[in-house]
Amino acid sequence: MAPRRAACLLPLLVAVASAGLGGYFGTKSRYEEVNPHLAEDPLSLGPHAAASRLPAACAPLQLRAVLRHGTRYPTAGQIRRLAELHGRLRRAAAPSCPAAAALAAWPMWYEESLDRLAPRGRRDMEHLARRLAARFPALFAARRRLALASSSKHRCLQSGAAFRRGLGPSLSLGADETEIEVNDALMRFFDHCDKFVAFVEDNDTAMYQVNAFKEGPEMRKVLEKVASALCLPASELNADLVQVAFLTCSYELAIKNVTSPWCSLFSEEDAKVLEYLNDLKQYWKRGYGYDINSRSSCILFQDIFQQLDKAVDESRSSKPISSPLIVQVGHAETLQPLLALMGYFKDAEPLQANNYIRQAHRKFRSGRIVPYAANLVFVLYHCEQKTSKEEYQVQMLLNEKPMLFHHSNETISTYADLKSYYKDILQNCHFEEVCELPKVNGTVADEL
């Protein structure tokens, strides 16, 4: 094929290649990937909204939501790696290599200072607020107090402000008057857990499975294919550069809603491999890979139940609920450990570098669990004409879909049963003890 004709076909190849990639971007996935109906109507409550409602005899008392920030720009590190790859292509691109030439001509518009919330991310939060208000109108009624907290990261603070703005004048406070409490102790508990930082965050060997997969046959095949498309020796690429090209495809889709020319480098099978690489990192750094990943989140889990307890006590005393709406904005790294602590999305076999094929139908897919704007919502209800035990019930929603409780396989649980199921975590998971560095003969011991 002549170079000119091949270059003309590139847009078509991009469109075809990217059509099936959106579901494989892991933690860089759009929220619409888990709720496709929002692509048509961002305020839709979805086809099964009515089925998730409780009987009229049950009135919501409190909503506690833990959110991931909305769509963000790439990190500074990702932008540096992209600049490195883009620079190589600009230096080496030849007219006879249309894919490389097209990418070399691609405008590198990212800047390291962009490590913040994208405009799309603000809309994510505004629309989420409006949908939650429509789903739970009694809780979001006028003169209801909203307690809004966030991690100290700018993208989270911006997301919190956008969430409040999405509610408009529906609450008693003006859009700019609700203060956002910075609470890194709960939203970035992982930074405050010495054991996690020492044994996982700062320990290269903790990511052994991730690094092994980068050097494994599946990634080698993808790398060689990308190198061939770019007319580069395979030795000039590595797994990190291939991954940043794939992530650029994801960012262009999430931020600009456009199909990036970078997407043309990857087939759906390539995307599955790169998704697994992302999931391996999430699994070993934030999920079930090490107990400390999830146990460090017990401080947040316990706080959720302390607030639910308080609401139950106030209701029993016929007092107004002091905190009917509690919304906290954190990160994928906030939600993933919390869900692992609760036992969700756990596979029978651990994710490892050598079982990619066997994990084709795994539960642990980070893009399905914690995409941009992911949200875990606890709703406490008071139900009339019930026994004392059944008077208070709880519903959990992940990304606006009711979750099944482990102990009942139902989407509604009595509050007493839920507390009983998680009794060990609520009573015996002490953050200071869990996160304390173990010492042997006066020196820190490595437990991993």
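Cβ coordinates are placed from backbone N, Cα and C, and glycine is handled just like the others.
Per Swiss-Prot, the range carrying the annotation motif 'Prevents secretion from ER' out of 93-96, 429-432, 437-440, 445-448 is 445-448. In sequence order, Arg120 constitute the residues six or more apart from Asn257 (N-linked glycosylation site) in its chain with CB-CB distances below 8 Å.
Comparing the glycosylation sites Asn203, Asn409 on other C-beta atoms within 10 angstroms of each C-beta gives the minimum for Asn409.
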